[in-house]
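A short write-up of the structure that comes next.
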Amino acid sequence: MCTDAVCEFTLVVRYAWTMTHTGSNGKVNGVKILTNGSLQVKNSVFPDVDGPIVPMEEVITADGVQRNVIVVNEQFPGPTLEVMEGAQVVVTVVNNLMREATSLHFHGMYMRGVPYMDGVPYVTQCPILPMHSFTYRFTAEPAGTHWYHSHLGSQKEDGLYGAFIVHKTGSALINGRGRYNNNSAPLTTCKITRGETLRFRLIHAGAEYTFRVSIDAHSMTVVANDGHDLEPVQVQSILVFPGESYDFEVIGDQPSGNYWIRAQTLWAGKGPDVEPEDRLQEVKAILAYENAPADEDPMTIMETCTENSPCRVLNCPFPTFPQGSNTECVYVSDLSSTKEYSMPDESEIEEYFFNFGFQLGSSVNGRKFATPKKPLVLKAPYDVTPCEATCETHGCKCTYIAEIPLGKTIRFVLMNLGVGGEHHVIHLHGYDFRVLTMGFPDHNKTTGRLISQTSDIDCVNDNKCNMASWNVTRPNLNFNRPPIRDTVVIPALGYTVIEFRSNNPGYWFFHCHQSTHLASGMAMVIAEALDKLPALPYGFPTCGDFTGTEELPSGGGGERTGAAMEHSATVLELDSTQLIIIVVTSAALSATISLVAFNIYQLHSNKSKTPGTPAAPQSLEDTVLEEDGAPSMKEDGVYHENAA
């Protein structure tokens with residue numbers, strides 16, 4: 001862990017293969033798993049001759065199946081970076097991926113004063129080309145459990161991610177380890193002593209599926225979400241969606257032995273009368289007490305939920321479990337932050353409605369996001385696809401940018417209405433927010449199945465619901481220490497209301513964190529106080545299309561001209577197309593990818609209005625953020641904004 005005022009890291013990313021071993025002579029061989037769990041090199045020349053046994057730590061086992069992955073500093077997933085709150089973080093990313101560009105987003109970081117360090121290609125920077133590097137510089141805030149990941153294609157699912165822990169004053173994985181088809185691949189073991197309290201830092205770095213996380217015979221006391229402290233709440237399991245994080249504590253109060261740590265996907269069948277199908281997938285780790293048998297799988301079973309002892313599940317995106325399941329929901333909106341919150345003055349609130357769904361394809365308010373051809377943080381002319389007035393009714397693909405004013409309380413009503421019926425998990429860059437309430441659809445109280453979308457929202461006689469408002473009255477909102485988050489679920493056929501303060505000028509990506517939804521266009525940009533943007537660093541990379549002229553440069557040699565130098569922009573656009581193909585082809589692997597990319601981090605503790613489409617952004621001035629013009633962040637770090 002770095003405890004210095006300035007923490008410098010270099011992250012080198014490259015391709016690698018799981019279930020392979022590099023010998024001392026540099027030769028790479030495949031390995032196989034023996035019945036006793038050992039790893040043996042395959043003899044490709046003489047298949048009948050056994051190869052040597054190799055150490056487990058020298059092989060990326062993943063789930064025991066060979067596939068292409070991305071490693072960071074030779075680790076899968078990437079190394080955990082730990083710094084102190086307020087530290088200046090300097091991270092140099094070296095791209096040794098020969099076939100594709102990359103970027104790095106530090107999920108949950110404010111990036112205050114340096115919005116161009118947010119790591120979103122063509123929004124805040126040009127992608128990092130193969131064999132090039134980019135250095136990110138920012139202040140580590142807020143404290144808590146965060147993570148870093150690529151924001152290009154399916155690189156995150158292939159391994160380009162890692163934990164980023166910001167301490168206020170270690171790390172194990174279902175951590176790149178699991179089992180495919182019940183093979184004998186090694187699993188992660190988390191050690192605990194009787195009477196000890198163990199703190200877990202849980203990060204979902206997967207692509208699509210929700211996981212229900214539990215530990216056999218042990219309750220979980222949740223103490224933080226998305227890096228922000230909560231009043232403790234005890235549950236038996238947590239539903240965690242892509243992009244979310246939770247801190248929870250477990251007390252070693254059971255007999256010595258090994259216990260399963262489980263992460264199960266959810267599946268209940270489709271349609272109102274279809275019986276659930278046997279399509280659950282599960283990834284495991286082991287909670288091992290001191291002196292418990294080593295290298296021995298647990299024999300434990302999941303806790304049985306009874307009428308007298310019902311199970312509590314955190315983060316339900318639906319109204320209720322079926323009657324008779326003896327399972328209770330604890331909604332995110334019911335959690336309590338440890339920090340106070342004052343109800344804002346109504347005159348300061350600007351409210352906007354965003355519908356994330358599939359009414360007109362994967363979109364926000366009917367607009368599928370079209371990536372700019374050069375970063376928005378660069379000066380005009382901007383190379384964006386404008387949004388037409390007919391987008392909300394007929395749909396379109398455009399660069400959807402919603403501008404919000406500085407120094408206001410912003411309230412977003414995030415809806416998930418119309419076609420689709422899937423939950424969406426939404427992440428807002430550059431801010432955190434308070435979750436004021438969640439609205440659910442009408443449902444069958446016996447079966448738990450959904451009947452019709454929420455009646456709280458008026459879709460204005462439009463089933464696409466891209467121009468919505470409250471239906472007569474607004475529901476009650478919770479201002480009594482509502483939880484602070486940067487990522488939140490929108491229930492299918494329901495809504496979630498969030499609120500924050502607009503005090504961070506910049507272009508901030510706002511998107512669904514489910515990879516296929518994002519790749520298909522479920523994203524937009526929130527733009528705040530564009531006249532207050534800080535100046536770009538000297539030499540900040542640029543990119544864009546090159547058309548040239550019919551005139552050829554005179555002379556046959558010498559240095560390359562400026563026009564010739566810009567030819568790399570054409571290659572960059574080709575890379576972008578290739579990345580889209582990668583997303584499509586890997587979408588079918590999302591189940592396996594999600595399982596491989598699921599992380600648990602442990603640390604010992606001694607404590608038991610629908611916005612219209614704005615005109616093209618105005619030219620940015622090279623000015624530094626004005627201290628007098630921007631209100632300071634409140635102590636609780638919450639931002640309240642209004643999109644215009």
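Positions of Cβ are set from backbone N, Cα and C atoms, glycine also.
Note that the coordinates shown come from a computational prediction; the quantities given were computed from them, not determined experimentally.
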Of the ranges 303-340, 607-644, which one does TrEMBL flag as region 'Disordered'?
607-644
When DSSP states are grouped into helix, strand and coil, how many residues of the domain 'Plastocyanin-like' (391-529) land in each?
9 helix, 61 strand, 69 coil
DSSP-derived helix, strand and coil totals, residue by residue, for the domain 'Plastocyanin-like' (58-169):
4 helix, 46 strand, 62 coil
Take the domain 'Plastocyanin-like' (58-169) and average the pLDDT across it for me.
93
